[in-house]
Ligand SMILES: Nc1nc2c(ncn2[C@@H]2O[C@H](COP(=O)(O)OP(=O)(O)OP(=O)(O)O)[C@@H](O)[C@H]2O)c(=O)[nH]1
Ligand SMILES: [Mg+2]
């Protein structure tokens, strides 16, 4: 039936209508008495949506339309039996011809307009379906990976559950490292060794020798002896997890500037080349945290780009199961040793003399990454399984740039693919970030505000807050990012609050804080203002200042924050898709 209409000798108005109606379903005009007017009106009134245009034809409309056509053709045939086609009637007057031609021209114009609109909508739709790309930036230990894990927990729960068990090994390592750090201080203190972690002016204020020596007892010597096997456990776990498990040691070497990249104005073909090279290095490398975890993964997820995450070396099922068997053995041994140390770990952590020794040395494990010794009773167990909160708090350093793809199974962007880029935050790793700037939708910049009185692990001369300011300035002033949405997370508010409650004064480390009230609200407002001013003074183009006060280890409040972030990023993603 349709074919017959398409075969007409000339492209009459009816055929033209037919062509359009095949792809158009008019919402408000189910009976197309005057289809052209209906289409035009609907198009002008914006009543034709992409679904209606691209969707299935409304059978009723189509049938009515065909009947109309048959009726008109039928009446023409009565007059012109020799002309079965749809050409102009032979007795057409000059005025009628002009009218017909004008109508045909108008029909063509509307048809072309609709075609063009359809093309644009298809294109916009394609762009909207492009993955949302989100970059997580910030200094090392700022909470980038913890934020990524929150995204996963909130929006990709299946992957979260598949990965959760793999973090068990990391948590064991974190706990064992806590214990070994205490033991190392204890040993030094027992052998009366002075403590000089670095050359920073802050740490020079530590003068343990000015105080009377601490008296240790047999209990402490026993604790050291009983917990000694944990040194080897740490080495075994580090060997299993690879480079990412090694924390940076304090150094006084000036490693690099706050932020380095070759060409601030770059982003052309060169940057793509550079990016490819870096991807090869980072995503397929065997040193990132994702790769480290893959070794402990029980399942083999086929989604979320996990296959890109470092499994570049071919593994046969046999070798995999052999490796898994060996890993299981090692894991069992490790768990056995840790579980047998449980009571001693608790005694060590709760001992007042040990506490005094750590205080004198200004060692605060609570503020550092991967603090788990408080949970030793629960974790140092053969049947321990990590909770969601444990996984968020587990610490494994990010090396290079790790791409993490997932389809949101939740929230406003359900079904949408997101690509999150988690980067290593040390000064020397920052040069690797730049190639990822050129087509990113948004950046979450994490600035931890609790360590206003701490130094960078990679350069003990640099204050952490100062480093965040410098880094923030570099990101804000980057021309390639001038139109990118940047969302600032002033993170570790929980630790800031604890620090202020302990009586640590901000002005001692940040003189410009002056005599302001030393409380959380005043401090966050002050830091926020400082970041805002930097953004205002250094952005090539003014942009909105989005800021959230966060403690990303708090999964509930972070889920709320991420909801707002998701919405804001998506709005911008769609706006840009429409503009393009
Ligand atoms: N108390 C507290 N701890 C946090 C917070 N954010 C992150 N952490 C912890 O800080 C440590 C470092 O966090 P990560 O997410 O690994 O830091 P990162 O920015 O990815 O660091 P790199 O990978 O080295 O660049 C982890 O043990 C986190 O659990 C926070 O808001 N509060
Ligand atoms: Mg990280």
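From the backbone N, Cα and C atoms, a Cβ is placed for every residue, glycine too.
TrEMBL annotations: computationally assigned, not manually curated.
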What range among 299-332, 333-366, 367-400, 401-434 does TrEMBL describe as region 'Disordered'? 299-332
Report, in whole Å, the straight Cα-to-Cα distance of residue 398 (Mg(2+) binding site) from residue 494 (GTP binding site). 23
Cα distance (Å, whole number) from residue 491 (GTP binding site) to residue 398 (Mg(2+) binding site): 18
Suppose we screen the binding-site residues 491, 492, 493, 494 by Cβ distance to ligand 2 with a cut-off under 6 Å; which survive, in sequence order? none
Same-chain residues six or more away whose CB lies under 8 A from the CB of residue 491 (GTP binding site)? 138, 142, 143, 446, 447, 448, 449, 550, 551, 552
List, in sequence order, the same-chain residues at least six positions removed whose CB sits under 8 Å from that of residue 492 (GTP binding site)? 143, 448, 449, 450, 451, 551
